Amino acid sequence: MGADASLPMEMCSNFDAYELRRLTRRFKKLDVDGSGSLSVEEFMSLPELQQNPLVQRVIDIFDEDGNGEVDFREFIQGISQFSVKGDKNTKLKFAFRIYDMDRDGFISNGELFQVLKMMVGNNLKDSQLQQIVDKTILFHDKDGDGKISFQEFCDVVEHTEVHKKMVLENI
């Protein structure tokens with residue numbers, strides 16, 4: 001990648017030229033088959049994601065074009081959200097998108113159930129998990145439409161400082 005190729009990436013990410021060069025090398029190392037994009041298996045070799053039960057959701061969000069793989073641009077833009085320079089709103093939007101599986105701008109009862117199921121596995125019975133989901137929606141759905149909007153989500157996590165935990169230190 002020449003200087004021309006990295007300039008737009010600097011403008012649409014939170015990384016400077018040096019960080020982009022490092023990330024380019026890391027991407028190429030992860031791209032074992034040399035295809036120019038990361039498969040789920042290649043992506044899973046990132047130590048930061050190996051123990052994360054939501055790794056498939058992270059990959060789905062990074063994969064903006066929905067082709068099942070993460071190309072370099074998607075990788076940089078995705079990782080950029082976890083930069084220490086990333087802003088709170090961007091991090092909250094990413095966290096919201098983990099739950100908003102169909103990308104309609106809302107977290108439905110079913111979506112919340114699916115994501116929580118990924119996190120708790122079989123530690124709770126489905127009926128117990130459904131009760132938690134129902135109560136969560138009921139309590140935080142301020143406009144009564146049966147789903148959680150981005151603003152309602154932000155109201156819930158506002159005081160948790162979750163955005164400060166959404167940082168990869170050694171990218």
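Every residue, even glycine, has its Cβ placed from backbone N, Cα and C.
From the options 11-16, 41-46, 131-136, 137-142, the stretch Swiss-Prot describes as region 'tax-6/calcineurin A binding' is 131-136.
Scoring each of the binding-site residues (ASP65, GLU152) by how many neighbouring Cβ atoms lie within 10 Å, the top position goes to GLU152. According to DSSP, the domain 'EF-hand 3' (87-122) comprises 24 helix, 2 strand, 10 coil. Through the fold, the region 'tax-6/calcineurin A binding' (131-136) approaches residues 109, 112-113, 116, 124 of its own chain, all at least 6 residues removed from its boundaries and within a Cβ separation under 8 Å.
For GLU111 (Ca(2+) 3 binding site), the spatially nearest entry among the binding-site residues GLU42, ASN67, ASP141 is ASP141, judged by CA separation.
Cβ proximity to the Ca(2+) 3 site centre (mean Cβ of ASP100, ASP102, ASP104, GLU111, cutoff 8 Å) flags the following additional same-chain residues: TYR99, MET101, ARG103, GLY105, PHE106, ILE107, SER108. In this structure the alpha carbons, written CA, of ASP100 (Ca(2+) 3 binding site) and SER35 (Ca(2+) 1 binding site) are 29 Å apart.
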